[in-house]
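Engineer: This is the structure, below, for whatever I ask next.
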Amino acid sequence: MFDKSTWIRLPRNVVIGHGVLGQTLDAVEELHLSGRPLVVSSPTPHAVAGEKVVDQFAAAGYDPAEIVIEEASFDAVQRVIAHAEDADAGFAIGVGGGKAIDITKMAADDLGLGFVSVPTAASHDGIVSGRGSVPEGDTRHSVAAEPPLAVVADTEILAEAPWRLTTAGCADIISNYTAVRDWELAHRLKNVPYSEYAGALSQMTAEMLVENADSIKRNLEESSWIVVKALVSSGVAMSIAGSSRPASGAEHLFSHQLDRIAPGAALHGHQVGVGAIMTEYLHSGPNGRWRDVRDALGALGAPTTAEDLGIDRETVIEALTTAHEIRDRYTILGDGMSEEAAIEAATVTGVV
Ligand SMILES: NC(=O)c1ccc[n+]([C@@H]2O[C@H](COP(=O)([O-])OP(=O)(O)OC[C@H]3O[C@@H](n4cnc5c(N)ncnc54)[C@H](O)[C@@H]3O)[C@@H](O)[C@H]2O)c1
Ligand SMILES: O=P(O)(O)OC[C@@H](O)CO
Ligand SMILES: [Zn+2]
């Protein structure tokens, strides 16, 4: 008997465009959510968009509650849960970058509340995904979380955000190349479940972004449009897979390890991009496609070296040699790189 089953949870309303923040209320009302909204954001996104979302719902008679969180941590998730319970919230709206959105979707999952995603930066592909990513001690948890029922991505806001946030989003997408390679490898070597659809969608998303690289330019709102659509598409690939595998391989392990060793050094997307140059080298060798990955990142204005990231050579080598310890996810790093091999990979690729 065929007894497989799977749930693919996708957003119902994806609203992207100039000035669409003003349609957040419409996007929510169309979902027939009831009760009090809780608007969760971090300081800058609160000022940029969170307050406007609160005002919009207040004007419509909703009595919105709000909370501003400072960091992505399990403590922050607990604070949001407590605040939502105190406020008797009926649904949660996450407004911000990857951290605020992750915290909101994790709290919403715990409380069984509907979640709406309002990105203020095109910096990460967690905008749509049903995953939350939070560090804890020496490890990084990628946990199932409430996927958004609606996404409201205002390209005017995304375009006004610092340009480096957009280039970070581009790099998070370009890292899909190596993430898919790692996933295929884990499938072949360790029998890890693999989804052809999710793998193909993730890879195609990276290819389309690179093909459109000439149209991704600072001060051009269309750039935000192209990048956010790619971020949505990558999040859909994660939803189809039911894991972050299509978008997170060894290059993400490298970045998560950097977050521990050199917290706050660089943006998530920029770190995974530099990681992808080196892990592509590990996959395909000195004459392989690592130059294509590096050139695509460079063309989009994303970092390609340790210096660009603001980290030193020792930090890169330490992160490379210990990245496999971050979580139980088989990648090209296998059971770990030797120091000599890490120096070779980082040097040949020009990262250090
Ligand atoms: N759940 C997933 O599937 C997934 C996917 C990718 C990344 N992530 C996670 O997301 C995080 C990275 O996201 P991030 O790079 O957005 O980090 P972030 O949320 O810390 O945002 C980066 C900075 O941008 C600022 N910012 C956001 N919007 C702004 C705006 N309009 N104007 C000015 N400043 C603005 C924020 O205040 C913050 O200082 C990491 O924790 C990563 O693990 C999760
Ligand atoms: O599960 P992780 O490794 O946090 O990856 C999620 C996301 O960053 C993929 O782009
Ligand atoms: Zn990522």
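Any Cβ shown, glycine's included, is placed from N, Cα and C.
In TrEMBL, annotation is done automatically, which means it is predicted and not curated.
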Engineer: For the substrate site that TrEMBL lists with D172, H256, give the additional residue from the candidates D125, D214, D308.
Structural biologist: D125
Engineer: Hey, TrEMBL has Zn(2+) bound by D172, H268. Any idea which of H187, H252, H283 it lists too?
Structural biologist: H252
Engineer: Whose Cβ, among the binding-site residues H252, H256, H268, has more other Cβ atoms within 10 Å than any of the rest?
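Structural biologist: Most Cβ neighbours within 10 Å: H252.
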Engineer: Listed binding-site residues: A100, D102, S123, D172, H256. Which have a CB under 6 angstroms from an atom of ligand 3?
Structural biologist: D172
Engineer: Do you know which of the binding-site residues G98, D102, D125, D172, H252 end up with C-beta under 6 Å from ligand 2?
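Structural biologist: D125, D172, H252, by Cβ distance under 6 Å.
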Engineer: Taking only the binding-site residues D102, D125, H256, H268, which have a CB closer than 6 angstroms to any atom that belongs to ligand 1?
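Structural biologist: From D102, D125, H256, H268, counting a Cβ under 6 Å from ligand 1 as near, the near ones are D102, D125, H268.
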Engineer: Can you grab the distance from G98 (NAD(+) binding site) over to D125 (substrate binding site)? Cα atoms, rounded to a whole Å.
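Structural biologist: Checking the Cα atoms of G98 (NAD(+) binding site) and D125 (substrate binding site) gives a distance of 8 Å.
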Engineer: Looking only at D102, D125, D172, which of these binding-site residues has the biggest number of Cβ atoms within 10 Å around its Cβ?
Structural biologist: D172
